[in-house]
Amino acid sequence: MRIVLTGGSGYIGSSLTPVLIKKYGRVYNIGRNTISEVSINGSKEYCEFTYESLFDSLVELSPDLVINLAAGYYNDSGAPDLNVIDGNLKIPFIILEYFKSCNYGRFINIGSYWEFSCSGRGVKGVNPYGIIKSTVRRLLDYYSKYNVIYTNLILYGSYGDNDHRGKIVDCIIDAVNSNETLKLSPGEQKLNLVYIDDIIEAILYIVSSDNGQYDNETLSIYTPTEHTVKEIVCFINEIKDNNLSLGGGRYRNDEVMAPDYKYRNIFHAKDKLKEYITSKIKK
């Protein structure tokens with residue numbers, strides 16, 4: 001099976017790629033302007049591409065499966081980053097058009113619960129990132145009528161070793177370990193965070209399924225436990241003295257205060273957050 005990834009150099013992609021290589025030998029990763037071939041021998045450039053030439057590159061690659069991990073995040077400060085459109089919509093659209101032309105293909109899309117959540121301002125989709133990601137769900141339904149088989153996996157949050165994305169849990173841990181002051185919001189927002197290894201296992205489960213049980217379906221992965229930021233801080237307070245300041249900062253303009261669970265949970269992951277935090281806090 002020839003597998004192509006988008007966003008393979010991101011946090012989830014870099015964790016998934018070695019596991020796929022071990023099982024399938026090699027994968028191809030679509031970056032911002034190059035496609036790389038990745039195997040046990042390392043990574044090498046397969047070709048450069050533009051949005052106009054990507055379709056032809058896919059014809060040459062002839063993938064059986066594409067796993068769409070690309071995520072162009074929205075930043076509401078400074079000049080707009082068009083990758084929020086390019087990564088989240090343009091590349092998936094071109095791939096789906098390619099599969100439509102073949103009258104076959106399998107597409108695993110990694111989505112976000114922000115797509116159907118509401119921000120504190122009452123905006124469904126939260127911000128341009130979530131709104132654009134939600135468009136892909138509607139596209140998947142369209143292309144399924146042209147023999148493109150999709151599985152859409154909704155994530156609620158991820159964490160784990162070697163995560164350099166600056167997510168809230170790691171920001172808190174870094175501040176505690178460096179004895180820095182960190183001003184946080186009042187911390188009432190609820191999080192449902194899944195350990196990276198469980199997410200990878202769930203994706204592999206979908207990749208290796210061959211009985212059609214996940215065909216043309218949107219699924220999700222989450223744990224049975226929600227944690228507020230306030231609860232996380234209180235837990236850390238029991239472990240180590242720190243300079244975390246709850247209420248010293250404000251909620252984000254597009255804050256989501258609680259997860260909304262709309263789709264079947266494919267993988268009943270255990271809540272491992274406290275164990276992870278305990279292992280990372282320097283005593």
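Positions of Cβ are set from backbone N, Cα and C atoms, glycine also.
Sequence annotations record features per position, and here Swiss-Prot assigns active site, proton acceptor to Tyr129. Over all protein chains present, the Cβ of Tyr129 (active site, proton acceptor) has 21 other Cβ atoms lying within 10 Å. In three-state terms derived from DSSP, Tyr129 (active site, proton acceptor) belongs to a helical segment.
Taking Cβ-Cβ distances under 8 Å and a sequence gap of 6 or more within the same chain, the neighbours of Lys133 (NAD(+) binding site) are Ala71, Asn88, Gly111, Ser112, Trp114, Glu115, Gly125. Taken from Swiss-Prot, the feature NAD(+) binding site applies to Gly7, Gly8, Ser9, Gly10, Tyr11, Ile12, Gly13, Glu48, Phe49, Tyr129, Lys133, supported by similarity to another entry.
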## Note on the structure
Gly7, Gly8, Ser9, Gly10, Tyr11, Ile12, Gly13, Glu48, Phe49, Tyr129, Lys133 bind NAD(+) per the record; greatest CA separation between any two, in Å, is 26
### Task
Taking the Cβ of Gly13 (NAD(+) binding site) as the reference point, list residues of the same chain whose Cβ is under 8 angstroms away and which are at least six residues distant in sequence.
Leu5, Gly7, Asn29, Leu69
### Inter-residue C-alpha distance, Ser9 (NAD(+) binding site) and Tyr129 (active site, proton acceptor) (nearest angstrom)
19
#### Entry: Collapsed DSSP category at Ser9 (NAD(+) binding site)
coil
